[in-house]
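Visitor: Please read through the structure below; I'll follow up with questions.
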Amino acid sequence: MDLWQLLLTLAVAGSSDAFSGSEATPAFLVRASQSLQILYPVLETNSSGNPKFTKCRSPELETFSCHWTDGANHSLQSPGSVQMFYIRRDIQEWKECPDYVSAGENSCYFNSSYTSVWTPYCIKLTSNGGIVDHKCFSVEDIVQPDPPVGLNWTLLNISLTEIHADILVKWEPPPNTDVKMGWIILEYELHYKELNETQWKMMDPLMVTSVPMYSLRLDKEYEVRVRTRQRNTEKYGKFSEVLLITFPQMNPSACEEDFQFPWFLIIIFGILGLAVTLYLLIFSKQQRIKMLILPPVPVPKIKGIDPDLLKEGKLEEVNTILAIHDNYKHEFYNDDSWVEFIELDIDDPDEKTEGSDTDRLLSNDHEKSLNIFGAKDDDSGRTSCYEPDILEADFHVSDMCDGTSEVAQPQRLKGEADISCLDQKNQNNSPSNDAAPASQQPSVILVEENKPRPLLIGGTESTHQAVHTQLSNPSSLANIDFYAQVSDITPAGNVVLSPGQKNKTGNPQCDTHPEVVTPCQANFIVDNAYFCEVDAKKYIALAPHVEAESHVEPSFNQEDIYITTESLTTTAGRSGTAEHVPSSEIPVPDYTSIHIVQSPQGLVLNATALPLPDKEFLSSCGYVSTDQLNKIMP
């Protein structure tokens, strides 16, 4: 037996290099355990009924104890039959357990004198001289602290509903651990549950000795326990005593179980019901919703016009309806310049012989008034409205009024002037000559009061007879301005006429001597011609020198012969002042714009303020008919 102990001692001494250093690793302990098993093969198996180690534990890293079980063999249960030996690096031999009593039955207690930290230990159990169990460890690996002590709790607050509460649980570390000095660092783990539950709820590990617990129900009781372990290890110590938490009795109505209303189900069913309602609403109002989302395209509709007329293409009827309104004019644009839309009636040559523009303007004939306002526009709009473009056929004789015609054909013009004077004498002697102008006189009523009044053109038969008598008197014509030219058309559609100047009363006569007759007199026999300004001046300047014994007014055989009123009045005024005394007759107000169209035969003219006597009325280039020229020329 002593030999075997010697061999074991040698083996431990030979492996002492594995325990060199300040600490031993588990690998070294495993190798030491394997060496012991080689030396003692009987330790490999623990025969049934033999004692064995259950655990070795150090509560504070200063002391430790080891425990084992009783063997089934009754011979091993007798006191002293089982012994425990230990060995460590600094001791070269096996030593028996120093204390079998302090740690309890079947245990061995090592106080601080026999405990070395970071030093590997190997222990063995022997019975009747034979080894029954063995184990190797290090003290820091078997640390299992004692449970915390002094658990208690503190109420933090209660919810406004008096249903939930918050508490703070506190405890103290194990009294035998030197936590304050930092010899050991502990981690705590708290478990809690309701009183009637079996499953504990665990909180995360903490390194403090207090932890708050939130939202605990006041009508419940809770159990709390705490355990601890050394930091960076996995083995916890025992749990502390269970702490029972009971809240003070509150208002019974507040402590009652709050009703768990099934909000989730209500929300689900509400959404489903809303979806079904929307589906039924859309299905029942499908057409109306379709019209709201996609409204139909409105049909073309003009107030006062039947849409069927537009569909059937009856544009003439539509234009007739639109013509009723003032802001609509057929085939005209209100925004365009009126100069570009001046119309001259030159399509029908037969109408040129029916009368002058003055006769057409003042005539009772409905067709002539319509032709004036609805004539075709052959003017390009580039020239002045006061210089109308007339066909060359209408001016084949009036062209002689220019300077070149006077130089090239003086003899021919002189002969034609003689013929003109003879024709005028014959016309003056004939009785029909006096009645013809009277029948062609337009019906004009001049109303003169203290304030301007409208001038009515085209009235009833009574007014026609009165005006006929007035216009037949040559003396009355001296104070009446004739409106023979449309000088402007306002954007509202009003026609602005250009008045002529008042002329001196007198009866011009044509002399039979051919040497005093100007070539321009021959132009009066031309149809649809205009008197040029140069020829008119020459004619009027030479007219006072004609002998007065004939007393025959110059006859203008054609109605549509015009001269410019500006040149006519200027020249006539100069010649009249040389031979006659200025007339003292009261001037008649000018009527230069159309006030309203009463009927196709009636126009109401607006009277304007009388011009100053000394101010010369400068009118645009106007045209005077032959009848007016015969009556107002000196």
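Yeah, the Cβs are placed from backbone N, Cα and C, and that goes for glycine too.
According to Swiss-Prot, the protein carries these features:
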CARBOHYD  N46  N-linked glycosylation site
DISULFID  C56-C66  disulfide bond
CARBOHYD  N73  N-linked glycosylation site
DISULFID  C97-C108  disulfide bond
CARBOHYD  N111  N-linked glycosylation site
DISULFID  C122-C136  disulfide bond
DOMAIN    147-250  domain 'Fibronectin type-III'
CARBOHYD  N152  N-linked glycosylation site
CARBOHYD  N157  N-linked glycosylation site
CARBOHYD  N196  N-linked glycosylation site
MOTIF     236-240  motif 'WSXWS motif'
REGION    290-375  region 'Required for JAK2 binding'
MOTIF     336-345  motif 'UbE motif'
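Give me the structural setting of these features: burial, nearby parts and distances.
Guide: Sequence-distant contacts (6 or more apart, same chain, Cβ under 8 Å) of C66 (disulfide bond) comprise F53, K55, C56, R57, M84, A103, S107, C108, F110, I123, K135. C66 (disulfide bond) carries a strand DSSP state (E or B).
The secondary structure of C97 (disulfide bond), as reduced to three states from DSSP, is coil rather than helix or strand. In sequence order, Q83, M84, F85, Y86, C108, Y109 constitute the residues six or more apart from C97 (disulfide bond) in its chain with CB-CB distances below 8 Å.
N111 (N-linked glycosylation site) carries neither a helix nor a strand DSSP state and counts as coil. Listed in sequence order, the residues of the same chain lying 6 or more apart from N111 (N-linked glycosylation site) and placing their CB within less than 8 Å of its CB are T63, P98, D99, S102.
DSSP gives C122 (disulfide bond) a strand state.
Sequence-distant neighbours of N152 (N-linked glycosylation site): residues of the same chain at least 6 apart with a C-beta under 8 Å from its C-beta are V169, K170, W171, L243.
Reduced to three states, the DSSP call for N157 (N-linked glycosylation site) is strand.
Secondary structure from DSSP puts N196 (N-linked glycosylation site) in coil. Less than 8 angstroms from the CB of N196 (N-linked glycosylation site) sits no same-chain residue that is six or more residues away.
Per-residue confidence over the motif 'WSXWS motif' (236-240) averages 92 (mean pLDDT, predicted model).
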Visitor: Give me the Cα-Cα distance between N157 (N-linked glycosylation site) and C136 (disulfide bond), rounded to a whole Å.
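Guide: Each residue's Cα considered, N157 (N-linked glycosylation site) and C136 (disulfide bond) end up 53 Å apart.
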Visitor: Over the span of the motif 'WSXWS motif' (236-240), count residues by DSSP class, listing helix, strand and coil in order.
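Guide: Computed counts for the motif 'WSXWS motif' (236-240) are 0 helix, 1 strand, 4 coil.
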